[in-house]
Amino acid sequence: MLPKLTFVLGGASSGKSAFAENLVMQSGAPRVYIATSQAFDDEMTAKIDAHILARGPDWHTIEAPTDASAALAQVETGQIVLFDCATMWLSNQMLAQADIATETQSLVAALRACKGRVVIVSNEVGMGVVPDNSLARQFRDAQGKLNQHLAGISDLAVFVVAGQPLVLKGTLG
Amino acid sequence: MLPKLTFVLGGASSGKSAFAENLVMQSGAPRVYIATSQAFDDEMTAKIDAHILARGPDWHTIEAPTDASAALAQVETGQIVLFDCATMWLSNQMLAQADIATETQSLVAALRACKGRVVIVSNEVGMGVVPDNSLARQFRDAQGKLNQHLAGISDLAVFVVAGQPLVLKGTLG
Amino acid sequence: MLPKLTFVLGGASSGKSAFAENLVMQSGAPRVYIATSQAFDDEMTAKIDAHILARGPDWHTIEAPTDASAALAQVETGQIVLFDCATMWLSNQMLAQADIATETQSLVAALRACKGRVVIVSNEVGMGVVPDNSLARQFRDAQGKLNQHLAGISDLAVFVVAGQPLVLKGTLG
């Protein structure tokens, strides 16, 4: 039985999304997918298409590249949400030059107010060398803080490494 | 007692190779080293030489920069293999413009068919910011998928951080 | 009760410093902060100032951008030290073109000889793709080896991910 809020963190191609999808599918509840991606180029379009294909038709999808709070407000009691992912959400906020602290507060409030259970996926991006450019450094700092925040409010937090879960907080049932 | 297949993952200079070598040496079985490196420049030659020196003379070494399957087929019952590393293997495949999915299937089949026990080492490369160039992004995606695959077929999977093991799967005896 | 030497490792903005500070504050002992930062630009000055502000006034601070051994020698029995961080220390040594092996030996000896307990913070920087430039590669190799060394001599080693601790060695009380 999944708790109210589950945080799934992992590196690129770590299997974090598949792991999170699996948690949702094992729950047996009606599934909602909150899609955060905006396709700006062919590489991203291909990635999104591959994910949709892998997920299959049994999902109610809400496209929410920027307004995640509105999407979370549409979720009904008993549903379980896969929010994939916080990294894309953050990237979209930064592109829109939004105030990250304000938007994070709004996201956290919406996650707490959501009537269904939520599994939120995010990327670990802070374990390489310091990036050359300032924007990349700003992004990884913002991502690190957001990940701390999301892990902090979660009931269950899992770090996925090579497809395998390391539990950071709570109990993986 | 090591199981049939052990996967040792870690970052750069994390101590993963030393940890894997130690597992092999503690097993007491005759040791085979499958060497995947190709020295293209002085920096790599120096690294390879330092590793050979650190390993010492009690190893039967098979040089296998590209054809790991042939190397694994030479291993005899009772021997224990250190395969170091899957990252170099992948890099060599990508340089040779091989089909990675096909080569991975072939590697997995060879690992399963190997008469000896195998400890295979790999790099975690997906926990930094998104790389600027497309080839680096392709590489980290391929590496992440390969790591998932290898962890998935392993009996024991260990994530080495600062020389210390975090068990991802199975039990570290 | 914290042991003699605690090693706290984490990525950028992982919450490692806050976690380490919390360990020190929970100990109830008189606190010493060994500050390793040198502010070369506004971005770093802002970071340092934010950290000082977050830490508050209840700390005896010793500025030690290069000579950590001298700083550790000033610590008195019963005090507890937050050494933040080994990455900045390493960076300062490399900028000064010091011999890293010699300096590391000296740091390790000073940590062992220190009359108080020490919590030392460091960065994980080896889990991204191979950096383009040679200096960055040298740095991440040196950092990786230093982290192995520090974890090796520590009584307690913790890997902080999204603000949550994964114990690498010893027991988190």
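A Cβ is built for glycine as well, from the same backbone N, Cα and C atoms used for every other residue.
As annotated by TrEMBL, active site, GMP-histidine intermediate applies to C:HIS51. Positions annotated as GTP binding site by TrEMBL: C:GLY10, C:GLY11, C:ALA12, C:SER13, C:SER14, C:GLY15, C:LYS16, C:SER17, C:ALA35, C:THR36, C:SER37, C:GLU63, C:ASP84.
Overlay of TrEMBL annotations on the structure.
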| residue | record | DSSP (3 states) |
| --- | --- | --- |
| C:GLY10 | GTP binding site | strand |
| C:LYS16 | GTP binding site | helix |
| C:ALA35 | GTP binding site | strand |
| C:HIS51 | active site, GMP-histidine intermediate | helix |
| C:ASP84 | GTP binding site | strand |
Quick test of understanding: given the binding-site residues C:ALA12, C:SER14, C:LYS16, C:SER37, C:ASP84, name the ones whose C-beta is under 8 angstroms from chain A.
C:ALA12, C:SER14
Surrounding CB atoms that lie within 10 Å of the CB of C:SER14 (GTP binding site), all protein chains:
26
Count the other Cβ atoms sitting within 10 Å of the Cβ of C:ALA12 (GTP binding site), across every protein chain shown.
23
Rounded to the nearest angstrom, how far is the Cα of C:HIS51 (active site, GMP-histidine intermediate) from the Cα of C:ALA12 (GTP binding site)?
14
For a quick check of understanding: given the listed GTP-binding residues C:GLY10, C:GLY11, C:ALA12, C:SER13, C:SER14, C:GLY15, C:LYS16, C:SER17, C:ALA35, C:THR36, C:SER37, C:GLU63, C:ASP84, what is the maximum Cα-Cα distance in angstrom, as an integer?
24
Can you check which residues sit near C:GLY10 (GTP binding site), meaning Cβ under 8 Å from its Cβ, same chain, 6 or more apart in sequence, and list them in order?
C:LYS16, C:PHE19, C:VAL121, C:ASN123, C:GLU124, C:PHE159, C:VAL160, C:VAL161
So of C:LYS16, C:HIS51, which of the recorded positions has the fewest other Cβ atoms within 10 Å around its own Cβ?
C:HIS51
Out of C:ALA35, C:SER37, C:ASP84, which has the highest number of nearby Cβ atoms, where nearby means within 10 Å of its Cβ, if these are the binding-site residues?
C:ASP84
Whole-number answer please: how many Å between the C-alpha atoms of C:ASP84 (GTP binding site) and the residue listed as 'active site, GMP-histidine intermediate'?
10
